[in-house]
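Feature annotations, reproduced from Swiss-Prot:
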BINDING   Thr232, Ser233, Glu234, Glu286, Ser385  L-serine binding site
BINDING   Arg263, Lys264, Glu265, Glu350, Ile351, Ser352, Ser353  ATP binding site
Amino acid sequence: MINLKLIETNFDEFNKKLIAKNVKNDVLSTLLEAYDELKKDRLELENLQNLQNTKSKEFGEIMRQKGDAGELKKELSINKSKIQTQSEIVKAAEIKLDKIASCVPNIIDDDVPFGADENENVCIKKILQPPVFDFQPKEHFELGEKLGWLDFERGVKLSGSRFTAIKGMGAKLNLAIINYMIDFNQSRGFELVNLPFLVKDEILFGTGQLPKFKDDLYKVDNDELSLYLIPTSEVTATNFYNGEILSEDELPVKFTSYSHCFRKEAGSAGKDTRGMIRQHQFEKVELVSITKPEDSDKMFDEMVSCASDLLKSLGLAHRQMMLCSGDLGFSAAKTIDLEVWLPGQNTYREISSISNCRDFQARRAKIRYKDKNGKNRLVNTLNGSSLAVGRTLVAIMENYQQKDGSIKIPKVLEEYL
């Protein structure tokens with residue numbers, strides 16, 4: 001969640017940044033009104049508690065002197081009832097504030113360009129030149145069906161739309177891609193973690209998926225358990241230290257994690273209906289870092305380089321895009337997307353998103369560290385795909401396709417097959 005004390009002293013600046021993130025103009029005002037109400041209620045409770053303490057001392061002194069404390073006893077009883085009532089008022093004010101604050105997105109960094117949507121994202125640089133073909137390149141779904149790698153019809157038969165069956169050499173290549181990504185990320189100092197695919201509500205709250213994006217999540221709900229399927233292993237890797245206080249010496253934490261991801265893709269009707277670009281179930285290899293606040297910018301650059309170098313090692317042309325304010329995710333203060341060239345579509349498509357969430361997720365998940373002076377401080381959290389597995393398979397198929405419809409295997413993957 002956002003820092004309410006900081007917002008209070010920089011209202012106009014932060015309100016402008018939230019509006020740039022397509023948040024309604026009155027949201028921040030409503031949030032601060034609820035915050036002021038809570039502070040007022042807490043002050044009233046504190047005053048009543050102080051009065052109770054003072055009166056209790058007076059009562060004790062009178063009793064020691066064996067005096068008449070009848071009236072004072074009545075006052076203490078009345079004030080105790082007031083404290084109970086005021087405590088309930090404070091609790092209700094806290095719930096009201098949390099409900100509002102939990103749906104307010106992170107504040108954008110100063111260097112994030114203002115813009116309405118993805119059309120106003122800014123290209124930072126392009127890496128490698130797209131391949132030139134002496135024939136009309138095909139899209140991955142046409143190549144995959146012809147080779148017997150991708151079976152969309154049976155994927156639909158098994159699970160419905162936006163599910164794909166991968167088989168034969170396609171499945172082997174998919175597995176090779178995963179193992180290569182994990183090895184590459186480990187070579188950059190990221191520790192491999194294997195984490196659950198089902199999580200509790202509070203874990204999704206920690207990374208910002210709940211409560212705002214509940215409709216895009218799959219839930220397993222029965223008599224035995226009530227858990228959500230993860231939309232990304234960012235959720236589990238970031239929350240690994242949920243509610244904990246780390247020592248400064250433990251930072252930075254650098255995780256890489258492979259997982260299946262599950263998303264309803266609400267609002268994407270009609271988009272990418274053919275092929276593997278947009279699926280309800282897909283695979284990713286994720287990077288997650290937990291750092292001191294002063295180190296997160298350097299870590300952000302390191303994570304962007306890791307994912308970009310991974311694409312480069314596969315010989316895949318791509319570009320780095322700075323997301324504008326209107327295209328940023330809920331928890332992100334800053335994001336760079338990596339978009340890979342797909343010759344079959346004759347365009348660049350997102351294959352990785354690297355985000356710095358500052359202390360936004362840490363505040364929600366209560367992840368802190370104890371600094372050298374013994375003070376507990378919030379960490380910064382960062383996450384990014386390195387890479388989306390299915391889209392990497394798509395990119396290899398389209399970029400390495402031959403005139404006869406066969407697919408050449410990138411050299412770095414040969415030992416993994």
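A Cβ is built for glycine as well, from the same backbone N, Cα and C atoms used for every other residue.
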Nearest recorded site to Glu265 (ATP binding site) by CA-CA distance, among binding-site residues Thr232, Ser233, Ser385: Thr232
Glu350 (ATP binding site) in three-state DSSP notation: strand
Cα-to-Cα gap, Ser352 (ATP binding site) vs Ser385 (L-serine binding site), nearest whole Å: 5
Among Arg263, Lys264 [binding-site residues], residue with fewest other Cβ within 10 Å: Lys264
Binding-site residues compared (Glu234, Glu265, Glu350) - highest count of Cβ atoms within 10 Å: Glu234
Lys264 (ATP binding site) versus binding-site residues Thr232, Ser233, Glu234, Glu286, Ser385 - nearest by Cα: Thr232
Most distant Cα pair in Å, residues Arg263, Lys264, Glu265, Glu350, Ile351, Ser352, Ser353 binding ATP: 19
Ser233 (L-serine binding site), number of other Cβ atoms within 10 Å: 28
Where Arg263 (ATP binding site) sits in the secondary structure, as DSSP reduces it to three classes: coil
Between Ser353 (ATP binding site) and Thr232 (L-serine binding site), the C-alpha gap once rounded to whole angstrom: 12
Cα within 10 Å of Ile351 (ATP binding site) - qualifying binding-site residues among Thr232, Glu234, Glu286: none
Assigned conformation of Glu234 (L-serine binding site) - DSSP reduced to three states: helix
Cα distance (Å, whole number) from Arg263 (ATP binding site) to Thr232 (L-serine binding site): 9
